[in-house]
Amino acid sequence: MAVEENNMPVVSQQPQAGEDVISSLSKDSHLSAQSQKYSNDELKAGESGSEGSQSVPIEIPKKPMSEYVTVSLLCLCVAFGGFMFGWDTGTISGFVVQTDFLRRFGMKHKDGTHYLSNVRTGLIVAIFNIGCAFGGIILSKGGDMYGRKKGLSIVVSVYIVGIIIQIASINKWYQYFIGRIISGLGVGGIAVLCPMLISEIAPKHLRGTLVSCYQLMITAGIFLGYCTNYGTKSYSNSVQWRVPLGLCFAWSLFMIGALTLVPESPRYLCEVNKVEDAKRSIAKSNKVSPEDPAVQAELDLIMAGIEAEKLAGNASWGELFSTKTKVFQRLLMGVFVQMFQQLTGNNYFFYYGTVIFKSVGLDDSFETSIVIGVVNFASTFFSLWTVENLGHRKCLLLGAATMMACMVIYASVGVTRLYPHGKSQPSSKGAGNCMIVFTCFYIFCYATTWAPVAWVITAESFPLRVKSKCMALASASNWVWGFLIAFFTPFITSAINFYYGYVFMGCLVAMFFYVFFFVPETKGLSLEEIQELWEEGVLPWKSEGWIPSSRRGNNYDLEDLQHDDKPWYKAMLE
């Protein structure tokens, strides 16, 4: 524990232990002599000072937001990977009802019309998620082997191969199916490496907002995908679906080109002993000189964490299940948060929005999909404020509660009012409009809470040595549940129709309680401070009162944050 207690460059707790660690690290670490001297001087001052005195850590000062335009744009370039995921979500919902797509990859009714069976629809839509799950686990390793930037370029190239196979499909649905698996492999790697790189290059006070830009790009992709489908639906040939797929080449080339401008992760650079490059990366992200003492302090903080992890040996898959280091608890949290993001029911609307709104009697369901896309995209801008100002826990709790209310109304109207004279008769236009309105409310609540925060939590919760593995498994949970929902939704809605909304309502109730008891607040903490929060065993519902060891006073009561004698229901009411 001595090493981890001194992850901060300046430590005012347990001075003797801190001095021993700095001494041991200095033998063959990259901690600067200046920072080692500074740390020892501070420790001695802490020993000789009066009771109640504490040292002040060197931190990179916050600047006006105008100073962070460059790093924000660079993070947006990385976040553009989410656009490719969103583009697929937005376009595939239209493909499955387009005439040329049905003629080429569907089956024929006796009357000569073409259709996709529920099984084939589910497979074509959902298999992408299975590819993503494996891509996140397998291809994300490139981020550890070659660096985050090169790793991203590799997975984008895999995505391009999948798109080529899909475009080349003529009338064999299984060829298109294989292409979706391969493009899914690429997007799965993107979904791990993009949030990871953003979380490692962003200033800590902007990390939540900038990681949320990944979700912003997903929503932009969904919206523009809907718009493109609307623009091509009037064609009668393969332009309907090949043009949207062809545009994927432009997005991929832009992504690869933009990555050349982005700084590499300083944590990765430190891990491969490129310390000077890491210093320049930190300085570029924070708009300060590489010679600034605060940059060196940040570098030393990262190096101390890496040195401690090296002492523990190489990370293995088995270590992910260690309860001693709290990695397993964090992995479970990441898996559950990503699973619950899917069980909110968002992809019920995004994947099958065109089909759903056709069933409520709308003449042009493509137009309604565009409305949903606009609401989703615009709402995500608001999420950039909510993530940092409300905090991560409050966002998740508030989102679960409000989405539950919207889903109850949506399902209840669909079950009781949509077909007042039976399904053989026309649907009620008023009930259909009501369902669309509450669908938009639901999407607003989702886009401002669970959509971005799930990725933020996954990107910042794991130690560096096991980060890619943990993020891959957590993301795989998202993709697997996305597959299950996308594949089984046609069957479930055929059997129970809008009662399906009550299933998601139950999931939203469960996730509210899960977040309250198992997800701590990490807003405004550095990645190393989040590590300390977990190691100290702070109760999630008390985590907002936790202060890192480097900033505590002598009267700080840590034990009160680690225990709670009140019944659970009283803890929730406080």
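Glycine is no exception: its Cβ is also placed from the backbone N, Cα and C atoms.
Residues or ranges marked as compositional bias 'Polar residues' in Swiss-Prot: 23-38.
The annotation phosphoserine is assigned in Swiss-Prot to Ser32 (among others).
According to Swiss-Prot, the feature phosphoserine maps to Ser35 (among others).
The feature phosphoserine is assigned by Swiss-Prot to Ser39 (among others), with a large-scale study or a structure entry given as support.
Per Swiss-Prot, phosphoserine is recorded for Ser48 (among others).
For Ser50 (among others), the entry in Swiss-Prot reads phosphoserine.
Taken from Swiss-Prot, the feature phosphoserine covers Ser53 (among others).
What Swiss-Prot lists as phosphoserine is Ser55 (among others).
Taken from Swiss-Prot, the feature region 'Disordered' covers 1-57.
For 1-70 (among others), the entry in Swiss-Prot reads topological domain 'Cytoplasmic', with the evidence type sequence analysis.
Annotation source Swiss-Prot lists topological domain 'Cytoplasmic' at 143-149 (among others). Across the topological domain 'Cytoplasmic' (143-149), mean pLDDT in this model comes to 89.
What Swiss-Prot records for 171-175 (among others) is topological domain 'Extracellular', and it gives sequence analysis as the kind of evidence.
Tertiary neighbourhood of the topological domain 'Cytoplasmic' (197-207): same-chain residues 60, 62, 68, 71-72, 74-75, 78-79, 143, 148-149, 152, 213-214, 262-263, 265-268, 281, 285-286, 388, 456, 459-460, 524-527, selected by CB-CB distance under 8 Å and a gap of 6+ residues from either end. Swiss-Prot lists 197-207 (among others) with the feature topological domain 'Cytoplasmic'.
Residues 90-91, 93-95, 98-101, 104, 167, 366-367, 369-370 of the same chain lie 6 or more positions beyond the ends of the topological domain 'Extracellular' (229-242) yet place their CB under 8 Å from a CB of it. Among the features that Swiss-Prot reports, topological domain 'Extracellular' is placed at 229-242 (among others).
The topological domain 'Cytoplasmic' annotation in Swiss-Prot covers 264-342 (among others), and the record cites sequence analysis as its basis.
Residues annotated as topological domain 'Extracellular' in Swiss-Prot, with sequence analysis given as evidence: 363-366 (among others).
Taking DSSP states H, G and I as helix and E and B as strand, the topological domain 'Cytoplasmic' (264-342) has 58 helix, 0 strand, 21 coil. Contact between the transmembrane segment (395-415) and the transmembrane segment (243-263) is not supported: fewer than 3 Cβ pairs lie under 8 Å, counting only residues 6 or more apart in sequence.
Between the transmembrane segment (150-170) and the transmembrane segment (243-263) there are 3 or more Cβ pairs closer than 8 Å, counting only residues 6 or more apart in sequence, so the two stretches are in contact.
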